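Q: This structure is in structure tokens; I'll ask about it shortly.
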Amino acid sequence: MERKSQNIVPWRMSIAPMMDWTDRHCRYLHRQLSRRTLLYTEMVTAPALVRGGALHLLDHHPDEHPVALQLGGSDPVELAQAARIGEQAGYDEINLNVGCPSDRVQSGAFGAVLMKQPALVADCVAAMRAATKVEVTVKCRIGVDDQDPEEVLPEFLSRMVGAGIERVSIHARKAWLEGLSPKENRDIPPLDHDLVLRMKGLFPNLHISINGGITSLDQAREFLDRGLDGVMIGRAAYHSPADILCAADPLIYGTGEETTPEAAVRAMLPYIEAHLAGGGKLNQVTRHMMGLFAGRPGARQWRRMLSEGAHVPGAGPELVDAAMDQVTALAVPADAV
Ligand SMILES: Cc1cc2nc3c(=O)[nH]c(=O)nc-3n(C[C@H](O)[C@H](O)[C@H](O)COP(=O)(O)O)c2cc1C
């Protein structure tokens, strides 16, 4: 199979990898809202796959495509093996995490700390590319600790390009590896979107997606209009999936119809039924659906019904249906009834 060129596959928008959040149920929900947007898994560590044999971490639904597997690791041989396992599992892209600052990840010498070892990252991605036919990409920060992003980011990116990488996502803030929690590291180091924009000037042939603090489709379009190739959205897409994803296909890709959260809920009902039939629990799916009606009349009632009812033994799709009836009833203007 030929490697996908950036011209053929313009991944203009993606939903960021988020541990505990972008699991398969979340991704299935997001896919009901946008057919085009690229979805990322939570990070899966290479040792978990290669040494731990935890292949269940790769489970996903055939409808999730296009879907990228994010790997964590820093051993080229192990990452190459993990990438091959990911490819065999059917993922469309394998992404290397060079941005996650959590303690657990640091202790394994991977994630954001690798911004300090661009040569090692280059070895890792070269080994991953050699082992697979699917595209290998990188998600990074603009630097860590006392690094000067103006210096280290171009140096890092040119190493990636040298190793054959054609597509990166850049979280436009540094990670401070000591003293900040992972959560604080997503808010406290200041965003520098301009630096990422300037990287596009330096690396015109590299597909660059900007990430960090993007909270609306309008803002996403602005970055695309300013020359970036893609936008990656994390928290806003999780908390208000309809706002980010319903109009993404027509507005970002210029194709397809706008979707609605109601249609997504209806599409989730058979999925939920199948999940329960396989021994799963309702709230494993509905926890990702809480924000579907965010900002709309009935959002509170929707959340309350799901959070109070979804963990009760025996609860099923009828609870979700009933919760949506409440939203629909409240959405009707008072003078129309
Ligand atoms: C709950 C949570 C978990 C995250 N887990 C990962 C992860 O596994 N891998 C990764 O590269 N980034 C992870 N991130 C960072 C996001 O991918 C993204 O870079 C960050 O949230 C900034 O984008 P945003 O401002 O659009 O949310 C996580 C973020 C959140 C909120």
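Residue numbers in this text run from 1 along the chain shown.
Just so you know, glycine gets a Cβ as well, placed from its N, Cα and C.
No curator has checked TrEMBL annotations; they are predicted automatically.
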Q: Out of His30, His56, His171, His275, which is the one TrEMBL records at the FMN site of Pro17, Met18, Met19, Gln70, Lys139, Asn211, Gly212, Gly213, Gly234, Arg235?
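A: Of His30, His56, His171, His275, His171 joins Pro17, Met18, Met19, Gln70, Lys139, Asn211, Gly212, Gly213, Gly234, Arg235 in the FMN site that TrEMBL records.
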Q: Measuring Cα to Cα, tell me the gap between Arg186 (site 'Interacts with tRNA') and Gly213 (FMN binding site) in whole angstrom.
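A: Arg186 (site 'Interacts with tRNA') and Gly213 (FMN binding site) have their Cα atoms 9 Å apart.
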Q: Please check the recorded sites Lys183, Arg300, Arg303 against ligand 1 and give me the ones with CB under 6 A, sequence order.
A: none
Q: Considering Cα atoms only, can you say which of Pro17, Met19, Gly213, Arg235 is the nearest neighbour of Asn97 (site 'Interacts with tRNA') among these binding-site residues?
A: Pro17
Q: Check Asn211 (FMN binding site) against DSSP and tell me helix, strand or coil, would you?
A: strand
Q: Is Lys139 (FMN binding site) helix, strand or coil when read with DSSP?
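A: It is in a strand.
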